[in-house]
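Asks: Before we start, here is the structure in question, set down as structure tokens.
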Amino acid sequence: MMQVAEIVVDVPTMQTNRPWTYLIPKSLINILVPGMRVVVPFGNSNRQIQGFVVTVHESTETAQLKPVISVIELNPVLTPELIQLGNELANRNFVFMVSMYQAMLPNVMRAKYSKQLRLNQPDALKQPEVQAMFADRDLVDFNAGDVDMALLPALKAYQQQGVLDVVYQVDNRAKVKLVRMITPLLSTNEYDQLRHALRATAKKQARLLTYLMKLGSNPQSTTQFEKQAGVTANDIKVAAQKGWVEIEEVEAYRIPKLVEPIKQTTPLTLNSEQQDAYDQIVAAVNGQTNHVFLLEGVTGSGKTEIYLQVIAQVLSQNRTALMLVPEITLTPQMVHRVKGRFGSMVAVMHSGLSDGERYDEWRRVKRHEAQVVIGARSAVFAPLDNIGIIIVDEEHESSYKQEENPRYHARDVAILRAKYHNAVVVLGSATPSLESRARAQRNRYTLLRLTHRALANPLPTSEVVDMRDVIKQGGDDIFSDQLLKKIGDRIDRNEQSVLMLNRRGYANFLMCRQCGFVPMCPNCDLAMTVHQDTKRLECHICGANQPIPNECPMCGSDRIRPYGTGTQKVEEQLQIRFPNARIIRMDVDTTRKKGATDRLLTQFGQKKADILVGTQMIAKGLDFPDVTLVGILNADTTLNLPDFRASERTFQLITQVSGRAGRADKKGEVVIQTYNPQHYAIALAKQQDYERFFSKEMQIRHTWRYAPYYYSVQIKISHQFENQVAKAAYQLVEWLRNKIADDTIIFGPAPTTVRRMKNRYYYQILIKFKHDTGLEKALTELMADAQNLSKDGIQLAIDREPVSLI
DNA sequence: AGCACGCCGACT
DNA sequence: GTCGGCGTGCTC
């Protein structure tokens, strides 16, 4: 009998996507436990790679097992829960286990590998070129790039003779920050005596002793000590040598800085609707019953306050809380709100943190020093134990789905984790996803509705302006008279306006007015987008860019200029009409720099501007009391996208932006400009009637057999040549047809909306199904085949429940 | 992925 | 005859 470990190795391929059995050497018995990162030999050259221990057990296996080389850290990084969750998600989403584990951990835990050549017998080295390589050292980094390929045979021969060794290295980038702390060892009296005994010339030592007397027995970091005592590192070293103080290295956290200090907040009184929702959630929390609530509440109905009070309740039971918000709403204001209630119990996890900060926040959670985690998508994997509540705010947001491998949906993961912990999930939204709302309809989730705003101020009144009439009457295609008049009123009354330009699927491109030429990306079938800040044309798919030409490359005319409406143009036109208005523009160009978004919003909040013009990014989370007008300049560009969720997205967007108007005692107004005023998504968004939108949209989904009535899987397939993809895609569909259930529907293959991206042609296949084990099996098989296909240059991606079909 | 093995074409 | 090109297959 011997101790063995099942280990998932860091080789993301289908053939290696399973645990491998390793021998646990004597020295690691009782040390090695599941969830640990280890270094193991792998392959016939025994290169060293990172692995994750998934189980430890006894075995009588006679096969020759290789031993684990070492453990990377003494504490496991994955809990049994996360190991199991990783496997489940890997299976479900057609990704590799190891990719899933890595996605659960801070970036720094992704191993970096290096390879070196070690010289054992310098005397045996005869070839001059190889001698030169080793010149005066016996360890050389071996990167294919900087070692002369011609030397390869010689190096190999030396290796076989034992003159050289190939050394593989797994670099652990998870580094703990250390701070040198200085601890006084003597009493104030003793320091005083020492100081009197000093020679008159020992000025620095005297200063050091005086400061030590002041410090008492408190330890202090050496950097702070040096600064405050006015001494150097060497003075401290001398003091330590004399036994006056002790210096030791202590772990420190890199804590993300906040711009403003946290103000402590206290719970607000809940209104009866809030109280009712709170009571139901807390009853489930107290009963430790795994249950999902859908909290449907209009903007301003006080969902966040309910979240905070439920979290407080969970914490009082010594359990922990996880709160997910979309990256875009994870603003300093939001962090302040949560930290203001729970202080240092909170860990924040979002993309703005440095690798070191993120690692440290992760460790604080892991060590139970933080009991509340607030974060964006990937925070759903926070290493919390004993979770009592998981909140998914703005649950309809598509950014909860990770659209690259490893694909996962944070909302689904939240529900899985809650099941494990017997915890409660609260999905919150003013405009729930059809999927979630439908589950509430069938009582899988409990629907909780908040129909009033918490501060009893009325919802804004909305007006839909038919832009077709405006154009017919010779009006402007950006601003209707109705909107302009209302903006003017606001300026007169010293109130603020927010104008949103819906730019999704609608970019600003260049067109020659003479010949109609539009500059296209050389690598993608897509018009290039104009960026005025950099004065360049840029492709939004591959990033290719070039200067804006002064004349048309086709016909030489100088009448080549931007087409369509950009935020810049809106700003210009607005300034012409209201010369004295102060305007802030927020779009990708003005918010590119780090912190720019916060700065602009703060300015607007301090009423340093009358009008805020922006794209989708202004739709969420803004809360300014003096905004009494919201204008949506082109409500319907999202409506025309070839995606079954186009109506849902449009409805959500309009509803959200409308919610920005009139939050305090002032009543708000919303102007929705559109070419489709009769469209139900627009008409119902005007009325803020989510429930009617839901039933109407459900009928349409039913008719067309889309989610939530059907599950879906999208297969995207690409190749450098169009005829090759097409052929492979048709073959794939033929192959699939024999394996699927009768009521499963295959759409396509069809070229994607943008046929060519990054010089590759794309086809997509959409599969709609109810319940189909044959399909599931076929897709897993397909994942294995993908590797063979890639030899022919074909790339393939399987996406369960795609959030975008474009 | 990354490495070794092995089977064919261009050379001393 | 051999060297080395890359296709094929395996990794506890």
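Glycine is treated like the rest: Cβ placed from N, Cα and C.
From TrEMBL, here are the annotated features:
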BINDING   A:CYS512, A:CYS515, A:CYS552, A:CYS555  Zn(2+) 1 binding site
BINDING   A:CYS521, A:CYS524, A:CYS539, A:CYS542  Zn(2+) 2 binding site
DOMAIN    A:284-450  domain 'Helicase ATP-binding'
DOMAIN    A:547-701  domain 'Helicase C-terminal'
Asks: Return the residues near A:CYS555 (Zn(2+) 1 binding site) by Cβ distance under 8 Å, restricted to its own chain and a separation of at least 6 in sequence.
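Replies: Spatial neighbours, sequence-distant, of A:CYS555 (Zn(2+) 1 binding site): A:CYS512, A:GLN514, A:CYS515, A:PHE517.
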Asks: Per-residue pLDDT averaged over the domain 'Helicase C-terminal' (A:547-701) comes to what?
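Replies: It averages 84.
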Asks: Measuring CB to CB from A:CYS539 (Zn(2+) 2 binding site), give everything in the same chain under 8 Å that is also at least six residues away in sequence.
Replies: A:CYS521, A:ASN523, A:CYS524, A:LEU526, A:MET528, A:THR529, A:ASN545
Asks: In whole Å, how far is A:CYS552 (Zn(2+) 1 binding site) from A:CYS542 (Zn(2+) 2 binding site) when you measure between their Cα atoms?
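Replies: About 23 Å separates the two Cα atoms.
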Asks: Starting from the Cβ of A:CYS542 (Zn(2+) 2 binding site), draw a 10 Å sphere and report how many other Cβ atoms land inside it.
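Replies: Counting Cβ neighbours of A:CYS542 (Zn(2+) 2 binding site) within 10 Å gives 15.
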Asks: Is A:CYS512 (Zn(2+) 1 binding site) helix, strand or coil when read with DSSP?
Replies: strand
Asks: What same-chain residues, at least 6 away in sequence, bring their CB to under 8 Å of the CB of A:CYS552 (Zn(2+) 1 binding site)?
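Replies: A:CYS552 (Zn(2+) 1 binding site) has long-range Cβ partners A:CYS512, A:GLN514, A:CYS515, A:PHE517, A:ASP558, A:ARG559, A:ILE560.
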Asks: Run through the Cβ atoms and count how many others sit within 10 Å of the one on A:CYS524 (Zn(2+) 2 binding site).
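Replies: So the Cβ neighbour count for A:CYS524 (Zn(2+) 2 binding site) comes to 20.
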Asks: Do you know which of the binding-site residues A:CYS515, A:CYS521 has the most other C-beta atoms within 10 angstroms of its C-beta?
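Replies: Per the Cβ count within 10 Å, the most buried is A:CYS521.
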Asks: Other residues near the Zn(2+) 1 site, CB within 8 A of the CB centroid of A:CYS512, A:CYS515, A:CYS552, A:CYS555?
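Replies: What remains near the Cβ centre is A:ARG513, A:GLN514, A:GLY516, A:PHE517, A:PRO553, A:MET554, A:GLY556, A:SER557, A:ARG559, A:ILE560.
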Asks: Taking the center of the Cβ atoms of A:CYS521, A:CYS524, A:CYS539, A:CYS542 at the recorded Zn(2+) 2 site, which other residues in this chain have a Cβ no more than 8 Å from that point?
Replies: A:PRO522, A:ASN523, A:LEU526, A:MET528, A:HIS540, A:ILE541, A:GLY543, A:ALA544, A:MET757, A:LYS758
Asks: Within 10 angstroms of the C-beta of A:CYS512 (Zn(2+) 1 binding site), what count of other C-beta atoms is obtained when all protein chains are considered?
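Replies: The answer is 22.
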